[in-house]
Amino acid sequence: MMERFPRLAQRVLSVPFTPKYLKSCKKTNPLTSHLMQLRGSQRPIFIQWNLQGRPSVCTDLISKKNYSSATARAGWFLGLGEKKKQAMPDIVKAGDPVLHEPSQDIPLEEIGSERIQKIIEEMVKVMRNAPGVGLAAPQIGIPLKIIVLEDTNEYISYAPKDETKAQDRRPFGLLVIINPKLKKKGNKTALFFEGCLSVDGFRAVVERHLEVEVTGLDRNGKAIKVDASGWQARILQHEYDHLDGTLYVDKMAPRTFRTVENLDLPLAAGCPKLGVC
């Protein structure tokens, strides 16, 4: 099954495979012959903001800035005890062309196939292992229209209550959306710091709509619709952008891009104020 992936791509996706892309897929694609070991020292990435412009909470990854090995050993995110290395795809980093390629729709008849289900399983594993609240297929080197996301009470409990209230951040269970279509609702937007698993170590302010409607198919090929607001709406927009080949840095507010270490510093004069517009 692993060796058949190039033929799957030719038959289903009609995606041109450049040598560079094939090299990337060899390292990241769950349907190639070898799965790479995720580096145990990989540092979590997270999205943070508050109304005073000080960092604290994330969207693409849920983690604390000072992520200690002690908390990791305690299994504080997943309750699974000590984290162990697992064979799974690496997260593709900014600079790889796959992150700027429009993703391909998946034919309905292919959704239930072992190949597509394997991709979904790997995406969920990678997202939770990060740990994170969202992931798009291009982030593991696969230009297909699949996104996965979830936010839990446990994740949210690590953020101050006043901030999660300001974010309108509420838990939701695992969502797998195939061939999603996103519609922005209303005119209200908000400006928050945002980060990405594929842009390690950096953050920037991004304006997002407060309410969206997403339609698509679940992992069984059944039609679904998600009406989201607040933090969940932001996560959906972030992941949906990945399917169009867009990173948050392509939408960031000017002069707000910075390293994680500099998140405590105030924004430059003239930068937009954080919060609901």
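Just so you know, glycine gets a Cβ as well, placed from its N, Cα and C.
Here is what Swiss-Prot records for this protein:
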BINDING   C196, H238, H242  Zn(2+) binding site
ACT_SITE  E239  active site
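Here the features listed in Swiss-Prot are painted onto the structure.
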{"residue": "C196", "record": "Zn(2+) binding site", "Cβ within 10 Å": "30"}
{"residue": "H238", "record": "Zn(2+) binding site", "Cβ within 10 Å": "26"}
{"residue": "E239", "record": "active site", "Cβ within 10 Å": "28"}
{"residue": "H242", "record": "Zn(2+) binding site", "Cβ within 10 Å": "25"}
Distance, the residue listed as 'active site' to C196 (Zn(2+) binding site) (CA atoms, angstrom): 10
